[in-house]
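Quick notes on the structure that follows.
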Amino acid sequence: MAINKPPPTTNSDNERIVIGSAIASRLLLLFLIVFWRFLLSPYDTSASLNPSCLINPSSLPLTQQPVLFPQIGSAIESSIVWDGVYFVRIAQCGYEYEKSYAFLPLLPFCISLLSRTVLLPLVPVIGHRAVLGLSGYLINNIAFVLAARYLFRLSLIILKDAEAAMRASVLFCFNPASIFYSSLYTESLYSLFSLGGLYHLMSGRSSVSALWLALSGCARSNGVLNAGYICFLTMHWAYDALFLKKCIRKGLQVLISGALNCVFIFAPFIGFQAYGYYNICSGRIPEEMRPWCKARVPLLYNFVQSHYWGVGFLKYFRFEQLPNFLLASPILSLVFFSILHYGKSKTKLLFSVGFQPMDDDRNSAAMLYFPERVSRSSTPHTTSSSGLQGNQNLRQRKKIFVQDPAELAVEDKPSNGSGYFSALVLPFILHLGFMAATAFFIMHVQVATRFLSASPPLYWFASYITVKRWRYIIWAYSIAYILLGSLLFSNFYPFT
């Protein structure tokens, strides 16, 4: 009797698994938050305090009206803790204090927009501030599910290994900083626009990518660092045009296009600094100005981080902060070994910043970052050579992979240049290294767990080592931090 083999798994099936895992992880976090809040009393009970707005306090009369279900509203308001207090306050009252400019405007804007439109009918039911909190929770949880989907699609393009892409994406769904992706923090929106922007960039849509990456800079200040990916690819495309093809016109086109995209990514953050300068410094006499207003380059964000939070180079290197270094040690160790393993495998590639000669390694960045050379490689998922000739226009020439990742065949075995040690991973490794160094030497180091949680190579490396003997350690780390984070954070205890 013949045994019917199960049909091969498609990438659409894998994508549905990732989306299902993302939804399941958010439901798990919701259950844990409610469970810990029911079991324990919050350390700080001031979360529900909501004084009148300093700017135009009469603009929100509904905040003073009685509501239909005050207990539900009170439960939602009491869950607004830590940075969520600032985001909800900004959404409600705008930027009232100098300190509040440490929080970028994308999340407060989205919260305010949703609360004034779709969820406006709920204001008489649970109260205005509760609706603001509910809006933030909906936005962040939906954004997280979409971010997981984009990570899966990006991973397919970079790794060219559907199983590794799915493992990496599922690990992201249950990452150690999961509590922040379901809270009133910017991690979800940043991940969505960062991962989405990188997916569009690696699919050849650089203009669309610039828009998405600019939005990531509206969510978190480190979003501007995503311009480094465009700089990296522009550098290689310009080198190819100017020095290999001796085509000055195309080289200048590449350089101008890359520069404009980078300026576009930086523009929202610079505009926000100008907005702060106008509100706080403009029209004041020198004696009334804050110190940063008189600086040669008046950066409000840097001043606020240093003055109010003590952020700065080596400022956190104190003995009493040792527990926080221990709290961050798992994620920093994972970063260290991910870079170390990649560097040992691709030493010349890493130190040449991708300009390793093709003769030394067919999978070097010097080959993979140019589509006309990809067509001659043995990679099964690249475009045909007929559409990648040297006389193609600039937009076609920039496309690394133009095939829809959902259509890639999962049964194809990854080639030697695929997986975590692919040359295409190099710009992600460089970005991760810079981010990790910033977290370790400049920031409050415990923040590293969530600060680095949107970095794709962490999950690609974790996916690689989970095939080996580290599977249980990786999952134990994630589960332990999910349980610990949901317990501490939801009850207003310090976590990261």
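Cβ coordinates come from backbone N, Cα and C, glycine included.
Given the structure is predicted, the values throughout are model-derived calculations rather than measurements.
According to TrEMBL, the transmembrane segment annotation covers 17-40, 101-124, 130-152, 190-215, 222-239, 251-278, 325-343, 420-442, 474-493.
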Interface check, the transmembrane segment (17-40) with the transmembrane segment (222-239), three or more C-beta pairs under 8 A: no
Stretch contact, the transmembrane segment (190-215) with the transmembrane segment (325-343), Cβ-Cβ under 8 Å, 3+ pairs: no
Positions whose Cβ lies under 8 angstroms from the transmembrane segment (325-343), at least six residues beyond its ends: 176, 350, 420-421, 425-426, 429, 432-433, 436, 439-440, 445-449, 452-453, 455, 457-458, 460-462, 477, 481, 496
Beyond the flanks of the transmembrane segment (251-278) by at least 6 residues, Cβ under 8 Å: 95, 101, 104-105, 206-207, 209-211, 213-215, 217-218, 221, 223-224, 226-227, 230-231, 233-234, 237-238, 241-242, 293, 298-301, 394
